[in-house]
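The structure appears right after this line, and notes come after that.
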Amino acid sequence: MGDVEKGKKIFIMKCSQCHTVEKGGKHKTGPNLHGLFGRKTGQAPGYSYTAANKNKGITWGEDTLMEYLENPKKYIPGTKMIFVGIKKKEERADLIAYLKKATNE
């Protein structure tokens, strides 16, 4: 599994402009990610998702996030997430390690 501290830096640089992770955190352009692991796509309470996200029907976990974060628009065509993805598998693993910790505190 990845490095939590490196993952935190990646989150701050590439994700925090649109997402929060803390319990009770506000939705920004993207949804708050608290409780992400084990949740189905398009299910953060109070966030307005595209039909593509709601209908994808997968449960977020290490494997699904690894694939999604490489190329979000390929994994969920029609998502409104404009992020191009993270090509390096090691960086995705670091980010997922951080998300696993930060979205569960």
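Cβ coordinates are placed from backbone N, Cα and C, and glycine is handled just like the others.
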So Swiss-Prot lists C15, C18, H19 for heme c; which of M66, M81 goes with them?
-> M81
If we count other C-beta atoms within 10 Å, could you say which of the binding-site residues C15, C18, M81 has the fewest?
-> C18
Please list residues from the chain of H19 (heme c binding site) whose Cβ is under 8 angstroms from its Cβ, counting only those at least six apart in sequence.
-> F11, K28, G30, P31, N32, L33
Between G2 (N-acetylglycine) and C15 (heme c binding site): CA-CA distance (Å) = 17
Apart from the site residues C15, C18, H19, M81, the 8 Å Cβ neighbourhood of the heme c centroid comprises S16, Q17, K28, T29, G30, L33, F83
